[in-house]
Each structure stands twice: as structure tokens, then as C-alpha cells.
Amino acid sequence: MTTPKPVVLCILDGWGSAEPGPANAPYLAKTPTLDAIMQSCPTARLVTHGPDVGLPSGQMGNSEVGHTNIGAGRVVAMDLGQIDLAIEDGSFYDNDALQAFIAKLKETGGAAHLMGLVSDGGVHGHVTHILAAIKAIRDAGVPVWLHAITDGRDVAPKSALTYLDQLEAGMAPGAQIATVTGRYFAMDRDNRWERVSEAYDAMVKGAGQFTAATARDAVENAYGRDELDEFVKATVVEGFDGIKEGDGFFCLNFRADRAREILRAIGEPGFAEFDTGPRPALAALLGMVEYSEGHNAYMTTAYPKRAIVNTLGEWVAKQGKRQFRLAETEKYPHVTFFLNGGKETPEVGEDRFMPKSPKVATYDLQPEMSAPEVTAKFVEAIRAGYDLIVTNYANPDMVGHTGDLDAAIKACEAVDQGLGEVVAALKDAGGAMIVTADHGNCELMVDPETGGAHTAHTTNLVPVALVGGPEGTALKDGRLADLAPTLLALMGLDQPEEMTGESLLV
């Protein structure tokens, strides 16, 4: 067969497959391009959750997991399952890095400050991991202060009290909640340093916008101010007055992208994104995982990353091919760092472009986000002679997370409008494109149980379609790990033996 060029992977982030209905944004949106693709091109569906992407059964997928599996071309055992298993078999409590952290604090007499996302969403962190870490440290006699980050995004928007109750019921004696802050502030990933500084001031200085007698009061007071869990303003619980010299800090989130900024503020030498004031000298700074090569310079790690050999990008580079990666800020790490198996440096012949995500408080205020700029660069790349292009449209996921159905519909329409230009350019170039998603989200915008907004990912299958493929080709159902082998097959390249995924082409 004639090898198409370019071969393209277009990821519609958070665009799941579901029955038509009043909460299904892709169904309600006017999407003539995608409708035509789904009607006239080979299509199938992919699994994006649970063991098929290296997660525990029933655990919804997410963008980090999705892009890691896509780029690896094999099912990658993810950190959530690894940590869960370690807690279950007891090896977590004997973890070398954790024991060294405890030993350092026993030496200095300092307290351990733990920070984590208090929910069971399992995307960035898990309440059971927090409880296990508290137990390990309290069993060693070290005082514990917990900096609780409320979720409301990977779980229901007003569920924080349930998780705080679970936390306080299971928390080892002698541990106290020091601060309560919504993830909007503590887990930014878009250089909104004004948000991060509010979380920093509460955690490090003990100086929040608000104070409360208890963690429960902090959340109830936030609800009184009409703040949902994600947006709880930094609140200091009475009795906490900041991190002291000789204390230690342990970040329990196991996903890198939304932990990096707050950790830079707390530990990076020469940090200058905002004025932190004098920072207390920490005796130890520990992370559940590796957050970046830069963070490794001043942090230790409980669960270092495992090398993924011969990812899609690495293998394509080894064949002397040129490739291009494209996404706006919110999803840029996913098409670069995560797709390349946790490797930050581009491969030889790998070019990248990142339009900036719009500076709005929440993306329902600008549901088109930077899709027009992504599309313009996408079309330019198709015409530029690359062999492989990987692009991510952030809109369906980022706007889906706001819970605003009308905005999610507009987000889908903005992406479809861009796809129209892309398909035309692809046809002119003689290329082929796989269109799919990394997980579901915007196809379920109303919680079927509560009737309120649904802001989390789903476990729905996602669509996959082949545009401009070889004549007579069909697609079979599969999982995300099958996408890299499919792209390689379209490029006329053998897949490396490490890739255990199977081409979807039939």
C-alpha cells in the first residue's frame, strides 16, 4: 500500500462515547465534521480505564494515564495501583525514602507536613495514601500536620466533608489538619502564581485568607461563601502557625503536572515566580513520585519512575523520521512528557509547539480556549512534511470539568470547526489521521444520581476513527495501548518488541 504522509494522531481530550441524551455535550453540539467522519470512515471504540490502562478495576482513566499508555504502545502499570499494592502488602511502611524522611525528622525534632488531595478520585492522589503515610510517620513518633487539598473536580463538586470525615475517622492520633485549600489554588499547572501564592502562604506561613476552628468548619464556611470544593480559599485551622526550621514536607500526590508549581515554591533553590519571603530550611522534602528532573535536584522520591523503552516518539526517531507535537498549555505536558514515557527532552527530529491557554478564571468563560491557534498550527504542520503529528485539543476535557453543559457544547463545536480545516489540509497532503480520545468526560455533564453538575472523568468507551486510511481498511475495538502500533502500521514501520499493543487496522 502507499504510505500516507503525514500520519496524524488527533486526541480530543475528554470526548467519550455515550448514548444520546440531555447531558451529552458531543451529542447536543453541532459537529458536522466529526459526524461525517463517524458516518463515512472506519470506526471502533477503545477502553480507557481500569486494568486496560494499568489502573485498578473500575478506576476511571485520566490524561496522564491515557497519554502514557498511548505513547508506550503497551499497558503501563500506573503509580496508583503500585502504591495501593504497597499499602496492602505492607511494603509502603518500609519504603526506604519514607524511612529516611522519618529518620531525618527524628534527628531534627521537626514535624512532618503532609500535603495531598483529599478524595478517592484516584487521578492525582488518594485519601487512603494520606492515611497510610500519617500512620507510618505517627508510628515513628513524629508529629504530623496535614495540608488538605479539597477536590470537587475528579469527584462530586461538594463532597469534601465526606472525605474529611473519612480522614478524621482513620487518622492516627497526634496528627492534625493544618490547612484546607481548594485544588484551584494548590494544584495549578498553568503558571497562575497568584493562586499558588495563596496556598503557599497558608501552608508555609500559616497565613491564609481565612481561619477556622476545624477543617470541617473551613469547608462549611467556604460553602457559606458559595465556594465549591475545587475553589475553597486557603484556610488555616486554628493552632497552626506555619512550617518551622527543621520540619519536613511530604507531597502525597502521585501525578506530576499539578504538584510541580507548589513544590517549586516550597523547595526550589532561587525560586522567583513570586515573593515567598524567607523560607524555612526544611530537613527533608519527599515526593510520592518524581515530579520532574528539576524537582529531583532538591527532593527525594518514594516511588521513582520506571523507564519505558521504545515509546512511539523514541521509535519513530530511531527510524530517522520527523515528528511534531502540539497542544495548548493545559495539555502540553501530555503530548510531550507523558507521551514520551516521562522523558522531558524531545527526541531527535521532534518539534513542539504550545499555544498559551487563555488567562480566564475557568474555561467555561472561554470554551473555545486556544483551539483556533492549535488548528492554525496543526494545518501548518500537516503541510510541513512531518512523518508523524500528535495533537491534543484540550477543550472537551477542560470545559467538561467546569460542569457547565452549554459551555461544553460550545467547546465541542470549537474543536469540530478546527477539525474541518484539519481534514481538508490532510486530504490535500495525502495523509491519514486517527481521531480518538484519552478518556471520557464531556459526554456526561449531569450527575445521574444527584442531578447536579458532573465534573469528573467517566469510564465510558471512547470513539476511534481513521481518516484517509488505505482503501478497504477497517478498525477493530481495542485499548489505548493499541494506538501506537496502529500509527506505526500506517507509517509502514514495524513496532518494537517492547510494544505489546496490537494494530487496530483490519
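Cβ from N, Cα, C; glycine included.
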Checking Swiss-Prot, the member of Asp13, Asp387, Asp477, Asp482 that binds Mn(2+) 2 with Ser63, Asp438, His439 is Asp13
Per Swiss-Prot, which of His113, His124, His295 sits in the substrate site along with Arg153, Asp154, Arg183, Arg189, Arg255, Ala256, Asp257, Arg258, Lys331? His124
Which of these, His147, His457, does Swiss-Prot say binds Mn(2+) 1 at the same site as Asp397, His401? His457
Determine, to the nearest whole angstrom, how far the Cα atom of His124 (substrate binding site) is from the Cα atom of His439 (Mn(2+) 2 binding site). 15
Within 10 Å of each Cβ, count the other Cβ atoms, then let me know which of the binding-site residues Asp13, Asp154, Asp397, Asp438 comes out lowest. Asp154
Sorted by sequence, non-Asp13, Ser63, Asp438, His439 residues with Cβ within 8 Å of centre, Mn(2+) 2: Ile11, Gly14, Thr48, Gly61, Asn62, Gly66, His67, Lys331, His334, Asn392, Asp397, Ala437, Asn441, His457
Its Cβ having more other Cβ atoms within 10 Å than any other among the binding-site residues His124, Arg189, Arg258, His401, His457, the winner is His457
Asp438 (Mn(2+) 2 binding site) versus His457 (Mn(2+) 1 binding site) - Cα distance in angstrom: 10
I need the neighbours of the Mn(2+) 1 site defined by Asp397, His401, His457. Which other residues of that chain put their C-beta within 8 angstroms of the C-beta centroid, in sequence order? Asp13, Gly14, Asn62, Ser63, Arg153, Pro396, Met398, Gly400, His439, Asn441, Cys442, Thr455, Ala456
